[in-house]
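Annotated features in TrEMBL:
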BINDING   107-114, 196-200, 254-257  GTP binding site
COMPBIAS  447-464  compositional bias 'Basic residues'
COMPBIAS  475-491  compositional bias 'Low complexity'
DOMAIN    275-288  domain 'SRP54-type proteins GTP-binding'
REGION    436-524  region 'Disordered'
């Protein structure tokens, strides 16, 4: 959603690079571009004016840091101001001292309230809470049934005494249902109650009155306004009107994965004064997370969101298995079974392109990221699953006849099997060499010893591997030629933008020339 805005802001700030000092003309030109970028993103005009004014004042009066050049100083100011208009500090749900905690969801029709109710319930259940969903949308046809389906997917019970709007049933009383749901939660010891209310096509007196009546009946600890980020400034005006009429304590932004301009997300906090609690980016229950203003600002400025990427990885990777895999990599003992497990865990985190998009500088690799096709991972998975347990554990035994059998069983060509196996060996050697060269204890030594022992008495001995066709189009998509063993269309690391091809902090003095990578011209 913020792709266009990110491109414009990055372009505006790039013009400052290489300048030894900034003049007023430089600052004016840069802030003019920032102003146009925000307006094109449909950010509220008063918000844009205040934002640009603060940047100008700070840029002209800033003390130049010894660690930052003038361009970096302006980027730092823009980043801090973006964090400010997005809310500053991360704010999560406030739970009642005495359960149950009542969370009331409100918003316009089609904003995603019912789906969001299920996502929130699933998140709370995973955190150890016992939530109850209460169906108070008795006006939209099939709304109650939709909540029941969502609740079933989330593994959370739904309180729905009334079937909702239908020709057979009369109009229900959502206020009575809300009160009964709260009583049910107290009786059965649920610690969180999530009330899904009806939406409207626009703010009107009936909506306000019904929402106020439900609020008075259940006395919610959190009243959350669900905001569709794709409808622009209308969404912000609606939230402002609802806040004045009923009041709410937090906002949830939905449909952030859309292609709209996203100005509502940058305006709503500044206009309403209410914090953004969560962000929803898809239909799946896991496409939902706490809204972090600092991380969102970092992504908008093209600096990535590595912390969110790490948090997603922690949710799907088992720490003990990851440690065992690292030891195997260092010892040169990684198997195809281990590789398959790691690949499946990565796929649980979401599309590969989205994950790489969280890395710093990913905005400069848009074309390469667009070419990544997750379906190619299915082919890799099919090839590995077509192997026997012995072949996965020891790929060296996969000779020509075995490769033909694997290819026929997995529905691919022999050349694709050859490339997967060959690239796996190359990647395993490269990773083992890197870990051993970095001096990590226990890494790389075992495989080196084994190699020395295995070399004795085996000179000239040939293995029974099948032929590899030298000129075959890679099945792993564009950009794979320079990245041995990497899955599905990863871009060539040599083509990565400035900043991504550098070593992490603390390894700046590490000599890469000491590593023995597969295929080095100097290898013997």
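Each residue, glycine too, has its Cβ placed from N, Cα and C.
Please treat TrEMBL annotations as automatic predictions, because they have not gone through curation.
Each of the binding-site residues 110, 113, 200 was assessed for Cβ neighbours inside 10 Å, and the highest tally belongs to 113. Annotation note: residue 113 (GTP binding site) sits in a helical segment as assigned by DSSP.
Residue counts for the domain 'SRP54-type proteins GTP-binding' (275-288) by DSSP state, with H, G and I taken as helix and E and B as strand, are 0 helix, 6 strand, 8 coil. Computed over the domain 'SRP54-type proteins GTP-binding' (275-288), the whole-number mean pLDDT of the model equals 84. Note: residue 107 (GTP binding site) has non-local neighbours 113, 199, 225, 226, 227, 228, i.e. same-chain residues 6+ apart with C-beta under 8 A of its own C-beta. Here the binding-site residues are 197, 256, and the one whose Cβ sees the fewest other Cβ atoms within 10 Å is 256. Residue 200 (GTP binding site) falls outside any helix or strand according to DSSP and counts as coil.
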